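First the structure, in the form of structure tokens, and then the observations on it.
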Amino acid sequence: MTRPAAPPARRPAARLGWLVPAVTLGGLLPVAVLILDALSGALGANPIQRATLQTGLLTLALLVLSLACTPLRLLTGWTWPARIRKTLGLLAFGYAALHFLIYLFDHGFDLTLMTEDVLKRPFITAGFTALLLLVPLALTSTPRAVRRLGFQRWTRLHQLSYVAVSLGALHYYWGVKQDHTPPLIYAAVIATLFLIRLLKRRPARPARQAGSRPAKP
Amino acid sequence: MTDPRTPGEPGTDRRASELHGAESHSPESQVTDTPDGQRRILTPGTPNPRREFLRSAALFTATAGALGGGLELLTRRPGVGSAEAQAADPFSRAVRPLGPYDTDEKVTPYQQATTYNNFYEFGTDKSDPARLAGSLKTRPWTVRIDGEVRKPMTVDIDTLQSWFPLEDRIYRMRCVEGWSMVMPWLGFPLAALIRRLEPTGKAKYVQFTALLDPKQFPGQRQPVLKWPYVEGLRLDEALHPLAFMAVGLHGRALPGQNGAPLRLVVPWKYGFKNIKSVVRITLTEKQPQTTWALAAPQEYGFYANVNPAVPHPRWSQATERRIGEVGRRKTLPFNGYADEVAGLYRGMDLRKNF
């Protein structure tokens, strides 16, 4: 693995020990701020609604960031995004769980009410399904799980993350009353990331096709 | 986490090769970064541990800060004001005995009633109105009265207000989003105004139009809704004694974020019917095209009576959170005013006419 472009990326492996802890700390920072906001009254007149909204947005943002890692690596050749992908994904799952807990708390942990919501309201159905899809992904996030499942199966399982994030964006879209711009921005970013992955998946094949095409006419 | 080319341990090869590279004498490793001649030259390829530590610490802090700060920017929408401000509450229940239309429920504190508002003319966030209401100039202000009335006119808000003695009304307010407040309004019955306008025999509806001015209403620069905001009532609804025109709140002039200087209050309907900053009142023969019904006709109807049995297509209307409370309460038909207003809708299918 000796590359001509070595100087900018010198010894990244040896020097990136700080990266995962930094991402973990940065990703948890909003929890601290949320608690401080709640204690100081800065969440406003409807604090539960604000906390619900913010944890939902944090889930979506972190899921998008975790899904951006592979496309970023494919585009740039950097390896560091692959090191923080799991951390970002687990942070997203943590916020999704918190979001769900706040929702349950808001409804007095009334499971019949929740079941009815999940079954009857497409908005809740989408969000709840997204959360359920994240559970197996979080459970199989360890290197051991990758070994146990085998890389192919593990990859196929983790492609569910795209379904989950899309359902999350839909949940957000259906949840807002009128201003649909922010959820549409998320949807556009998700679509772009997915597209990069599709285009970059088999770099050999499109290159060959591109090479053969001009010869035809 | 795992590199597709190296199943199992991610990046193992690379790390190994880098370490190997560091031990062997690559051309790069011979460059030493010792400052002046102070110290002896370091072993080629071995980083200065102190430097390395400082560099890592700096990168750690910067990355954690950037990610945390970025997430906050993307997701945090702080409310306006703080808990301390809630202490000062200008309205006092003891001032007068309750009237026949007043609720005896705990009044929502002034601070909350004036910082948690839906007023899309200022922006779609609940804190936008309180933050931006300073741009609204409520004097001079005129109200145009036209349509099916004997004497169309344009009247100054102070003149209009002087026509009626001001009354207090403590009403529940239920937002279509599933939260509610108890608001001590100051104003006059809409029926008194309508009678004074002398509607013609053709008048069947009352249409209200809010101010259109993107300079004062920054939210109108975005086409979130069709501006200006328009609302309407059937004439018999407008003549109901509960229907009210508010010019004040909590014993003082209406703040901009609550719809100064003149707003409608129909407590048995969802909050969006209560049009704010009214500049025109038109009596019409035909049912007015109201803003939310135009924006999403399958979700918001002309009537918009509070009805726990008819869910919003996307969420339930069975419960609501009273602002300031933790749990949820059951939503009542017609927002608890069924005894007074249910008669207006006798024989109507309220599922169809939502």
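Backbone N, Cα and C atoms are what each Cβ position is placed from, and that goes for glycine too.
In TrEMBL, annotation is done automatically, which means it is predicted and not curated.
The following features are taken from TrEMBL:
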BINDING   B:ASN117, B:TYR120, B:GLU121, B:CYS175, B:ASN258, B:ARG263, B:ASN274, B:ILE275, B:LYS276  Mo-molybdopterin binding site
COMPBIAS  B:11-26  compositional bias 'Basic and acidic residues'
DOMAIN    B:138-292  domain 'Oxidoreductase molybdopterin-binding'
REGION    B:1-50  region 'Disordered'
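Features as recorded by TrEMBL, highlighted on the structure.
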residue  : record                        : Cβ contacts under 8 Å, 6 or more apart
B:ASN117 : Mo-molybdopterin binding site : B:LYS126, B:PRO129, B:ALA130, B:GLN257, B:ASN258
B:GLU121 : Mo-molybdopterin binding site : B:ALA210, B:LEU211, B:PHE217, B:GLY219, B:GLN220, B:TRP227, B:TYR229, B:LYS276, B:SER277
B:ASN274 : Mo-molybdopterin binding site : B:MET173, B:GLU231, B:GLY259, B:ARG263, B:LEU264, B:VAL265, B:VAL266
The domain 'Oxidoreductase molybdopterin-binding' (B:138-292) [mean pLDDT, rounded to integer]: 96
Recorded Mo-molybdopterin binding residues, B:ASN117, B:TYR120, B:GLU121, B:CYS175, B:ASN258, B:ARG263, B:ASN274, B:ILE275, B:LYS276 - maximal Cα separation rounded to whole Å: 17
Fewest Cβ neighbours within 10 Å, where candidates are the binding-site residues B:ASN258, B:LYS276: B:ASN258
